[in-house]
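Please read the structure below before turning to the comments.
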Amino acid sequence: MQFKVIAEYFDKLEKISSRLQLTALLADLLNKTDRSVIDKVVYLIQGKLWPDFLGYPELGIGEKFLIKAISIATATDENSIENLYKTVGDLGEVTRRLKSKQQNSGILGFLGTTNTESLTVEEVYSILSKIALTTGEGSRDLKIRLLAGLLKRADPLEAKFLVRFVEGRLRVGIGDATVLDALAIAFGGGQSASEIIERAYNLRADLGNIAKAIVEHGIEALKSLKPEAGIPIRPMLAERLADPEEILKKVGGIALVDYKYDGERAQIHKKNDKILIFSRRLENITSQYPDIVEYVSKYVNGNEFIIEGEIVAVDPESGEMKPFQELMHRKRKSDIYEAIKEYPVNLFLFDIMLYNNEDYTTKPLEVRRQLLESIISPNDYVKVAHHIQVNNVEDLKSFFYQAISDGAEGVMVKAIGKDAIYQAGARGWLWIKLKRDYQSEMADTVDLVVIGGFYGKGKRGGKISSLLMAAYNPKTDTFESVCKVASGFSDEQLDELQKKLMEIKREIKHPRVNSKMEPDIWVEPVYVAEIVGAEITISPLHTCCQNLVVKDAGLSIRFPRFIRWREDKSPEDATTTDEILEMYNKQPKKKLESPTVDESV
Ligand code: ATP
């Protein structure tokens, strides 16, 4: 398959402004793709060479060396490229222009290189992989030479997108749900196919693998797909409620209640003595936790499994739990073995999804728990989450208070009974979180996606000082604006923000963004931040839950304040518009009777 086809689609994708067109174009591209390279094309569409969970190296070519490669490929000196870059602001576009000039002046023929042999997807993929996997002494020169060779052979449009790919600038904007929809349109024909594909993807979060399975065996075959050790499962998520009585009712009056630990979620896979740890975002974090790898291999019995739990920092003397921030300190240490000593951790397991080739996601929680309990040898480091079974509100409340005084964040209330399966990739009422209060009127914080930025005035004149934030609507796979956040940032964070946003700035609104408000700059929807606010209110300025509460108005967060970046969340993991609606509906009654309309947010 010719790489040119992909470059042409990327070019078209840049110019569209709606999610519908985006999926239609992607479906079209997938239809035109040779079956043999469908997995590779799916990764390339997402700006990747392979799924993140493999933990393979990135391309490793910084801007300076990228310019060197462009210089070699286009026979232009580096200074001229840098100058052009300053005026154009996009190295991909710079390369396209230089290549076109070269082509028009016939310099290619003169240099003995012609474009008669066009690039194939296989070649491009294999050279890019080689660039990424080259390490050690002399690797930098080799990377530059390989890339220059590739750019030399590319036509102007291909070169533009190759440069963007190397810069990591394609790695934005096209989420997994968009690709899933495109796959359903291209190969399935309709809603039922969508559901089958999505289920398969929830059990094996590798889009390339799913695309390959579809073209090789057909959609129907996906129905019997099981989780596989080594490929992450999309995590099951919890709903939230603040009232213990209501929670107990929701789960049918009886529940298994776990401590809700304040650490890092870990999905741990074992296959043939190899242990892998995946984060909440399904990134490979094995190298950060050699201690956990050792504990699991020593104390969890079985040849092949997928288990899930929370890694929590503990005090080495007292064994007491420490807050999440301690884990962050550990992550910042460059010497991992020193970090292990200074910030020891324990693992609290709460689920099992695969055991010795048997799929446990379809079995009830009680069965999963029994198995989990039975495969852990007694030890001080790996335990099943502290839990009780409750059937009345009093017991639930007292366990909640006990959890908090032991340093947990609250409790997770989990439904039991035969339907209480592991719902991979879904946020549902089988798990409900009850957290200690956040000292604000909003019962919980929200995680929102940055979709734009506004310049400040005065001291921060000309610099970004507030952000336009959005919630995620999974039904339409779009981001709906919900507030403008201007407080909670330190000066340092603001400076960093400036840099961060400039790298993902867009000329026009992203096709997956839905906003009435026009920020000073639009950005790719990639960053997620935790925000707290005073309350949810009706706002004619925002599109979140537009028309659902009041005609021509949406919902917004009043007095939003930035708390921290949520690097462990992808944009599609952000708080959903349904959750915002739910939070709005749960607010004290008076607000429901006479909605607060806030024009200022
Ligand atoms: P979510 O993961 O639901 O999107 P979040 O990342 O903002 O939300 P929380 O609202 O704190 O996290 O709640 C869910 C998280 O709680 C889980 O992702 C998991 O990491 C953690 N957790 C701690 N203890 C447990 C437990 N016993 N069972 C399930 N999850 C637990």
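Backbone N, Cα and C define each Cβ position, glycine as well.
The shown structure was predicted, so the numbers you read here are calculated from the model rather than taken from an experiment.
According to TrEMBL:
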type: BINDING; residues: ASP258, ARG265, ARG280, GLU310, PHE350, ARG427, LYS433; note: ATP binding site
type: ACT_SITE; residues: LYS260; note: active site, N6-AMP-lysine intermediate
type: DOMAIN; residues: 338-473; note: domain 'ATP-dependent DNA ligase family profile'
Let me make sure I understand the span of the ATP site: among ASP258, ARG265, ARG280, GLU310, PHE350, ARG427, LYS433, what is the greatest distance between any two Cα atoms, in Å?
18
Which one of these recorded positions has the most other Cβ atoms within 10 Å of its own Cβ: LYS260, ARG265, ARG280, ARG427, LYS433?
LYS260
Protein Cβ atoms within 10 Å of PHE350 (ATP binding site), excluding its own:
24
Which value does the mean pLDDT take for the domain 'ATP-dependent DNA ligase family profile' (338-473) in this predicted structure?
91
Neighbour count (Cβ, 10 Å) for GLU310 (ATP binding site):
24
Integer Å distance between the CA atoms belonging to LYS260 (active site, N6-AMP-lysine intermediate) and LYS433 (ATP binding site):
8
Please report the number of other Cβ atoms within 10 Å of the Cβ of ASP258 (ATP binding site).
24
From the Cα of the residue listed as 'active site, N6-AMP-lysine intermediate' across to the Cα of GLU310 (ATP binding site), what is the distance in angstrom?
9
Please report how many Å separate the Cα atom of the residue listed as 'active site, N6-AMP-lysine intermediate' from that of ARG427 (ATP binding site), as a whole number.
16
Please spell out the DSSP helix, strand and coil residue counts for the domain 'ATP-dependent DNA ligase family profile' (338-473).
31 helix, 58 strand, 47 coil
